[in-house]
Amino acid sequence: MQTVFNCKSDKKSDVLILGIETSCDETAASVVKNGREILSNVVWSQIDVHRLYGGVVPEIASRNHIAVIDKVTELALQQAGVTLSDISAVAVTYGAGLVGALLVGVSFAKAVCQASGLPLIAVNHIEGHICANYLTYPDLQPPYMCLLTSGGHTAVVRVDDYDGICVLRSTVDDAVGEAFDKVARVLGLPYPGGPQIDRLASQGERTYNFHSVVISNGNFSYSGLKTAVINLVHNAEQRGEALNAADVAASFNVAAVDGLVTALEQERQKSGMNTVAVAGGVGANSYLRKRLLQMNDGVRVCLPRLDLCGDNAAMIASRGYFHYLKGQFADFTLNACPTLRLRGEKPHD
Ligand code: KG4
Ligand code: ZN
C-alpha cells in the first residue's frame, strides 16, 4: 500500500506533522512536533448525534466528517500557531474503520498535499493508538509489551521498534470495546457503553462469576461473556426479577479485563521485558488502569493520558512522524482500507 518517493528536503530540524483522523465518529486534526510534543489536538466528536440511534450510523458519520473536516484542520493549525508552510508532512488514517468515514479523511489529506506539495503519510489507526504512549511518556522507547484494547481490536503485541510489532495474542471474535458497548446496550445504558459500564461498575459488587475471556490456546473470546450477560438479563426479565445493574456491570467489567491483564503479564514475563503499555479506548477503563498499576514492582506501566485513549489525530501524527523518519510516504493512489490489519496479525478460523 505504501510506496516511497522523494519528498522535498526538510526545511528545519523540527518535524511538524499534521495528523488527520476520521475512521469512526470523531473528526480530528492535530499538529505534533517530533512525534512527541502536541502543539494542538482538535477532536470534534459526533457522539451526541449517534447516541440518538444507539450506535454509530456510518452514513451520518461520513456526512458529518465532510461538514467539519476543513474547519477542524484550520483550527488545529491555528491553535498550534503554524501554517501549512511550517508543516513537514500530512499523516492520515487510512484503515481500519468505516469505509465512508475513512474516505473523507484520506481524500481531504490528499487534497491538502496536492495543493501544498507536502508529502502524504498513510497511518494504520491501531498503530496510531500505540503512539499515544509516546505523547504521554516522551522518554518511552521500544521494546515493550502493549495491550491493544479498542472497539475493533483486542490483542497483546510486542512492540520491537517504532516500525515493528508482533501480535502475540488476539481475539477470535468480538473486540473488548464491542463487548462493553453491547453489554451496556442490554443494560439500557446509552452509547458509547464502555464509559457507562465503567461508571456503573464503580457503584456495584462483583456478585456474578463470569468465566474467563482467555480461551485454551491463549487467545481471547468475548462472544461467550457477552452472551452470558445477555442471557442473565433476559432470564431475569422473563421471570420478572429485578437485577442490580451495577453488580452486573461490575462483574462483567472484572471478567472482561482480568483475562487481558493476566495475558499481558504472562507475555511480559516470557519476554523478560520490564515495560508494558496500553492502547485504545478501553485503556481509559478505571478498573483496567488500577489492575495494571498493581503489577509487580520493577515493571514500568505506561497508561496513555485519558484524552489520548480514544480516537484523536495527535496519535496519528505521532505515528506519521516515525514513518517520516524512515521515508515511508504514500502516493495519491492511497485508498481507504476498512479491514486493514496489523502487520503480523493473522485472521482466526
Ligand atoms: O479506540 P477507540 O476509541 O475506537 C476504536 O478504534 O475502536 O475505542 C472505542 C471503544 C468503545 O467500545 C468504547 O465503549 C470503549 O472504547 N471505551 C471504554 C471506556 N472508554 C471508552 N470501555 C471501557 N471503559 C471505558 N472507560
Ligand atoms: Zn480507535
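Just so you know, glycine gets a Cβ as well, placed from its N, Cα and C.
Automatic prediction, not curation, is the source of TrEMBL annotations.
Fe cation binds His125, His129 as TrEMBL records it, and from the list Asp307, Asp311 the residue named for this site is Asp311.
Per TrEMBL, substrate is bound by Leu148, Thr149, Ser150, Gly151, Gly152, Gly194, Asp198, Asn285; the candidate from Asp173, Asp174, Asp181, Asp258 named for the same site is Asp181. Taking a C-beta cut-off of under 8 Å and a sequence gap of six or more, Leu148 (substrate binding site) has these contacts in its own chain: Ile126, His129, Ile130, Thr154, Ala155, Val156, Val157, Ala279, Gly280, Leu342. Compared over the binding-site residues His125, His129, the count of CB atoms lying within 10 A of a residue's CB peaks at His129. Less than 6 Å separates the Cβ from ligand 2 in the case of Ser150, Asp311, drawn from the binding-site residues Leu148, Ser150, Gly194, Asp311 in sequence order. The most crowded of the binding-site residues listed here (Gly152, Gly194) is Gly194, judged by how many other CB atoms sit within 10 Å of its own CB. Confidence across the domain 'Gcp-like' (37-317), taken as the mean pLDDT and rounded to a whole number, stands at 96. Gly152 (substrate binding site) sits 10 Å from His125 (Fe cation binding site), taking the CA atoms of both as reference points. Leu148 (substrate binding site) carries a strand DSSP state (E or B).
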